[in-house]
């Protein structure tokens, strides 16, 4: 899932707002990366093995979101 955070926003924003949209996307991506990194150890101590199930659940949610809401752009 790593490159999708960079690839999808660069394709969905129109050319007029692409640079602003991409910069907001990068800022939000870095913010959530910071939040996850800061909370990981506390969650690991609290949930133990459950933290891996927690992140697996989020990957499942992302997969369903991409499948349902993001159209294919092949040949466009």
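A Cβ is built for glycine as well, from the same backbone N, Cα and C atoms used for every other residue.
These come from TrEMBL:
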- 1-74: domain 'Major facilitator superfamily (MFS) profile' (DOMAIN)
- 20-44: transmembrane segment (TRANSMEM)
- 51-70: transmembrane segment (TRANSMEM)
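With a threshold of 8 Å between CB atoms, the same-chain residues lying at least 6 positions outside the transmembrane segment (20-44) that come near it are 5-6, 9-10, 13, 51, 54.
Within its own chain, the transmembrane segment (51-70) is flanked in space by residues 1, 4, 8, 40, 43-44, which lie at least six positions past its ends and keep a Cβ under 8 Å from the stretch. Here the domain 'Major facilitator superfamily (MFS) profile' (1-74) returns a mean pLDDT of 90 for the predicted model. Here the domain 'Major facilitator superfamily (MFS) profile' (1-74) is broken down by DSSP into helix, strand and coil counts: 59 helix, 0 strand, 15 coil.
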